[in-house]
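Per Swiss-Prot, these features apply:
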{"type": "DOMAIN", "residues": "262-459", "note": "domain 'GATase cobBQ-type'"}
{"type": "ACT_SITE", "residues": "C343", "note": "active site, nucleophile"}
{"type": "ACT_SITE", "residues": "H451", "note": "active site"}
Amino acid sequence: MELIEKLQPIKKPLMVLGTSSGAGKSLTVTAIGRILKNSGEEPIPFKGQNMSNNAWVDWNGGEMAFSQALQAFACGIIPSSEMNPILLKPQGNSTSEVIHLGKSKGITTAKDYYKDWFFPGWGVIKKSLNSIYERYPNCRLIIEGAGSPVEMNLIHRDLTNLRVAKYLNANCILVTDIERGGVFAQIIGTLELMKPDERKLIKGILINRFRGDLSLFEEGKKWIENKTKIPVLGIIPWLDDKFPPEDSLDLLEKKSSLTNPELKVGIIKLPSISNFSDFDPLENEESILIKWVMESQNLNQYDFLIIPGSKQTIKDQKFLRDSGLSEDIKNYSTNKGNIFGICGGLQMLGTILEDPFFKEGSKINCEKSINGIGLLPLKTTFFQKKITRQINSESIWPQVTEINGFEIHNGVTELDNSQDTFKIKPIFKDLDLGWYKENIQGGTIAGTYIHGIFENDDWRDHYLNLIRKGKNLPLLKKRTRSYKMKRENIIDNLANEFKKNFNISSLLN
């Protein structure tokens, strides 16, 4: 299904393709964006289609992948869903929610998606590209591919790799991860499967995550260049990046080097976990060790627990119930435990979840109603309408301070008047954004709909100090660097490493 029309931007777009998923495409685009921004250019990130439950909400309430939002920050611009016009949010059982230009278009199976959604998807991608170039006529687009560009069973319906490269006549770089092994076969195999006109677009090869002495790979570099007639433009050393991973499989590979933490945080690894970027500010705290909880266990080793967001809340609550974790969490709460739920995690902390329209899944695989963990007297009902919006509010607990973040959820949560609601109190001035309850035994149970809550430095410090006080630890003092400043520093360091080890100038012509 060849589409040969082409767009002709003023500045040559760059495209980052990979030999596989996890090769380093996202970080490469992030680094290039910051390098070009610092050089005075106007870079704009773009990924035609992304599959991720790690999402962001733009200024217009549109959903987009968090990785493209992060790339926009690196480029020094405000994220917009046009930078990621198609977002697929996996729901399990080979189904995904389809997001076009930030808005949900429904749920489909993988088979039906490839059959029915190709032309609408390509139209959305072209519309987004035209819109970006109308708004930023002198920009340089930095495009990210997805997975491998040569999945031969899907290539005729691949919306986001070589089709985009040919449409824009982009200068492409092929990135491969040497740490996983098989780098020579990955490079040669990928190039051999391309058509001649596609292979001509590949202007360079980038070796990512090299450990050890770079000089030891000099012969390998020469072999690749002699075999492919394409220059190896860079060898990036292994970097201890602190960015949140793009999917939940990579999530478990993140290792902490912290050996003597002051606080130990347990995060429940839900089967349908979403928005795990919520915990990036905690990962960047020097005194906190994060552990992922995946099975029933004694939770008293943790100073506080987090129940994260979920793409399928009822299904994940069923997992907590059937695995025994729901009972473990209740037992933890009676031992001065501190528990915090975000979005779906807040819903699960309540007494009941009802899904009259089966918004949480199919009628076969999903329960219409299920009891929650029961630690907060809250009832959640899932309706047809999905709420996506940015939040600017003010907290009243644990301290009065300004709050920013965003909401992405189905479901409306309200007090369950069949329960004792006397002890539950609102966290924010906008009363429906979150609640908390202090345990008689000590500790607090709290939850919010606000994603990005821990990015709010003052709020995070006061919440952590509440826990530190209960552990007789010294309270945190007012910090000199915000989380967002740390994130900017991480992006700068990433860009500096790429600039030292990657000849980007040859791609700009």
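The backbone N, Cα and C atoms fix where each Cβ goes, and this holds for glycine too.
DSSP assigns the residue listed as 'active site, nucleophile' to coil, not to a helix or a strand. Rounded to a whole number, the distance between the Cα atoms of C343 (active site, nucleophile) and H451 (active site) is 7 Å. Cβ neighbours of the residue listed as 'active site, nucleophile' (same chain, under 8 Å, six or more residues apart in sequence): S274, N275, P308, G309, S310, E407, I408, H409, T448, Y449, H451. The average per-residue pLDDT of the prediction over the domain 'GATase cobBQ-type' (262-459) is 94, rounded to a whole number. The Cβ of H451 (active site) has 25 other Cβ atoms within 10 Å, all protein chains considered.
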